[in-house]
């Protein structure tokens, strides 16, 4: 693998809470650059204008900084190849799109969303994978000009070779061959003029002189589109490396439904960043048992990108807890430990919000742990007996928990008002009084039938923690139902 003049990047999309999977890919790129004396840069890929927000961008940057990752160039510090935010680069992409049209490598497509959906439904009914059928390929230049002048909306799609295969070597998967007839005529420029991921990704990587592209294995099937774009533009392509996805213990894809996936979840609960990076870094190295405790420099020394496994990296929270405990006990001096605790407490938004709610509800400071301690716990240790005191039967409690969990995911802005509104709506849909619905939620969220106000507590804890606690509560109640 060629490694001279290495430049790698992490390119997160600011469409939600920063994911541990982003930290996983970022760490690989960071270690790769560090190992080869190269440069690690950060680019924000916000071409999804409907879901990308400045707030999520800030959270992503803050989360990666908390992880201890430092980039040489990025939207927050600038650099010679900026802007480093794709929405700020929109004018850059248009000439390249026109170049593809002029060279006959792309075409305008006027198919409506309704027509495309009908096409996909017909393909699925015939047992075929959905992909564009090429209807607009036959349009003449005059027809395209006329329809465009009439104000008809269009996108720009790339042309795909009609036969043969795309053969390439991946840094992890080795030699790969993908038939061209399985590759879709990808949209490159959307109707609003914004590029899709595929178009912007290739252009930005070239202009930013990226030499190695390391990303999740879910992008492996997209490599033919990217290689084709490099060929169409006459550019040298980077080395591709597709990393195995992180998985749950049952080998399923890591998801927020089974494990907390937000970096902020681990930060707020008192995990230390060195331990999280240590844990993620173990997926990229080979060590003997007993050698697991490693600093970033030690991870870099042992890092070997030529011996990566295609097997899924198992995200074992128990192992993370074990490593975090070892870091606290073995790597931090007493003074540093105290400083970390104080800094964590002072910067902990949950604690601050909990103190504000608690001030009017206590008569002694010593009452705080019982009243608000649940805000800082990683595990409430819920037992089936904790729900036995609720008047509703276990079957009804389980129904409530199983209904509330997915419905809360519909909330776009997670705050007191939206949580209350959704829970009231759930109560109406279930035909139950609000008190009946929220009673088990008090126990699920705080571990007690009486605590700080429920809606405030849920807002303070955040979506990831509430999701996890409701899941564990449902498991506890299911055991109660099974015992009857």
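Indices start at 1 and increase along the chain as displayed.
Even glycines carry a Cβ here, placed using N, Cα and C.
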Given the ranges 1-11, 12-22, which one is assigned the annotation motif ''HIGH' region' in Swiss-Prot?
12-22
Motif ''KMSKS' region' per Swiss-Prot: which of the ranges 248-252, 253-257, 258-262 is that?
253-257
Based on DSSP, tally up the residues of the motif ''HIGH' region' (12-22) by helix, strand and coil.
3 helix, 1 strand, 7 coil
